[in-house]
Amino acid sequence: MDREIRILHTADTHLGYRQYHSEVRRQDFFKAFETVIKDAVDMQVDAVVHAGDLFDSRNPTLEDLLETMNVLSRLKVANIPFFGIVGNHESKQSTQWLDLFEEMGLAGRLGKAPKMVGDVAIYGIDSVPKSKIPLFDYSGFEIPESLPENCRKLLVMHQIMQPSPFPDWDCAEVIENLPFKADAVLLGDYHEYEKIKVGESWVTYSGSTERNSASEKEPRSYSIITLSGEGLEISRRTIPTRNFLFITAKVDGEEKPFEQIFSTVNEHLEEIPESVVFLDVSGDSSSVLSFSEIEEYLLSKGALVVKVKDARVKEGIPEEVIKVAFHDPDRAVAEELRRMSLNDGGLIVDEVIRSPDVPRSRVDEETENRLLGLIEAIDFKDPDFMIKIPVSHVSPVDPSSSVSSIESSGSVSPIDSVSTVSPSSPSSSAIIKEPEELKPPGAAEEIENPKPAGVTEFTAAVAAKSETLMPPVRIQRSESLNESLNKIFEKHDVVPESPETAGSIAGSVETAVEDEISKVTPDSGVITAPQSSSPVSFSDNSQTGFSAISPPESIPSPEILKENSEADADEKPVDGKLSEEKPVGVPDKATKTVKQSHRKGKEKSAVPRQYNLGDYL
């Protein structure tokens, strides 16, 4: 080498970290970084190398970015280059913050192409997820022919490397697979200073510039790498940082535990101001302590941040209750993916979303292209090809079960006095049976429509000649027919005095039923049923006091039915309207108000359309 080269090695500055939710602690991290840069300018080093985690978050605030650019500009003024790699905390899917600083001339991003500082070539590898370490590609490193023969080569990485604690990567493996001989490997991610030799290469961690946790009790530092013709030297420089004070107060079971704790705290009054204080309370656990009072007392003594921990052990409980083991996050994700049993498409989507090589703006496009490629590769004509569809947990309903349950039941509701007629059987006759039991006139109740049977059960019941069964729901909506039948059976005050009177009542009932049916005109789109071979007949039931409708013992001739209908011709509908005269045994409908919307035809007809006469009975 022509001359001695000095490079400042730092890492894990974690700028923007608001530790313990304290703005003062956020400023402390910037002050530590400023100290490093100030020392670099004062020592006139040849370059500053940052080994990852410049920021604590991949989304630093605008204030953090402005302060960082302000600090880096001091190096630019001093003509000292700043080189860095991307750490795991700040890694983004697309453009990195180092790329922005490089465009501004404030920094350079290290990679497989070397950055030259005199006769020293510096390479870099960004933080690699643990799951991708076995697949890392060592090819692509550039070794320019213009490099001098005695050129020294440095590699900068952000990984936990073996032989450090909890390693992710074997440093010896990396050095062996590199296409060049590395004189030193400058590392980040481990926050303590380390320096070891692996083979012929030096491996060193500079440590973090500020304490990221209470466990980091050692002084913070950075390193100076000195390269010359005689060899390589690594020296450590510490950084002054805010004091972390650890106090242990023991309670021995007296009545005044607070006095014991405050007495112990008072022994450190000179160290408490502007310090981050950690107080552990140990000893007897019988007394109840208010930690808020202890924190307020320490803050009153000038502490910046106070953390109180109850380290007392309750009687009968061993000190080690549970052993906690922390698993690798990447391994946990892999186990969760195996548990989910994703298909090929799901695995492709997961891989694209979590890949750092796919920019966020191209996730949708890349996912679509990969899935289309998967679909095109599938041979749908393959006889072994099969699409699995989850089976519903709902048990199928057997239509015959409803019918069988009805047939097995010995009791039939009084309202089930109307025999069902299949719409597909025009030759069947609708027969209205006489109720088996009739209540006294004073005990008459309003007849409620039972829950209608389904169409399947309705058809099956007719085919099996079962007991009476209500038709489907469309019959329940027939307001006019239901109202007429209900009011006929409720009219108990009309009692015939003679068979002649009873006969007139039967005729009136027949007329009322015919009047209701005649409302269904061809204009409404209703298809009337053809003439049945077994017409409806009416019989007299003088024992019950009113006329009931029952199946005839003998079928009357059409002439008799015609004579009965002509007897009440004056009560037949004229021009589609009922007569205003009240038929015997039929409630007066003239007093019932009709809604205006019904007159104008704004609402649907009460009688369903396109059903035959059997549906209405």
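Using the three backbone atoms N, Cα and C, a Cβ is placed for every residue, glycine included.
What Swiss-Prot says about this one:
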type     : residues                     : note
BINDING  : Asp12, His14, Asp53, His191  : Mn(2+) 1 binding site
BINDING  : Asp53, Asn88, His158, Asp189 : Mn(2+) 2 binding site
ACT_SITE : His89                        : active site, proton donor
REGION   : 395-437                      : region 'Disordered'
COMPBIAS : 395-432                      : compositional bias 'Low complexity'
REGION   : 513-617                      : region 'Disordered'
COMPBIAS : 529-547                      : compositional bias 'Polar residues'
COMPBIAS : 549-559                      : compositional bias 'Low complexity'
COMPBIAS : 560-583                      : compositional bias 'Basic and acidic residues'
Alpha-carbon spacing, Asn88 (Mn(2+) 2 binding site) to His191 (Mn(2+) 1 binding site), which is rounded to whole Å:
14
So among His89, His158, Asp189, all listed as recorded positions, which is physically nearest to His14 (Mn(2+) 1 binding site)? Use the C-alpha atoms.
His89
So which one is it: of the binding-site residues Asp12, Asp53, Asp189, which has the fewest other Cβ atoms within 10 Å?
Asp189
Measuring CB to CB from His158 (Mn(2+) 2 binding site), give everything in the same chain under 8 Å that is also at least six residues away in sequence.
Ala11, Ala51, Gly52, Asp53, Ile85, Val86, Gly87, Asn88, Ile125, Asp126, Ser127, Leu187, Gly188, Asp189
Whose Cβ, among the recorded positions His14, His89, has more other Cβ atoms within 10 Å than any of the rest?
His14
Using a Cβ cut-off under 8 Å and a sequence separation of 6 or more, which residues in the same chain sit near His191 (Mn(2+) 1 binding site)?
Asp12, Gly207, Ser208, Asn212, Glu216
If you draw a 10 Å sphere on the Cβ of Asn88 (Mn(2+) 2 binding site), how many other Cβ atoms land inside?
17
Can you see whether DSSP assigns His191 (Mn(2+) 1 binding site) to helix, strand or coil?
coil
Give me the sequence-ordered set of same-chain residues, not including Asp53, Asn88, His158, Asp189, with a C-beta within 8 angstroms of the centroid of the Mn(2+) 2 site's C-beta atoms.
Ala11, Asp12, Ala51, Gly52, Gly87, His89, Ser127, Gln159, Gly188
What is the set of residues, excluding Asp12, His14, Asp53, His191, whose C-beta falls within 8 angstroms of the centroid of the C-beta atoms at the Mn(2+) 1 site?
Ala11, Thr13, Gly52, Asp56, Gly87, His89, Gly188, Asp189, Ser208, Thr209, Asn212
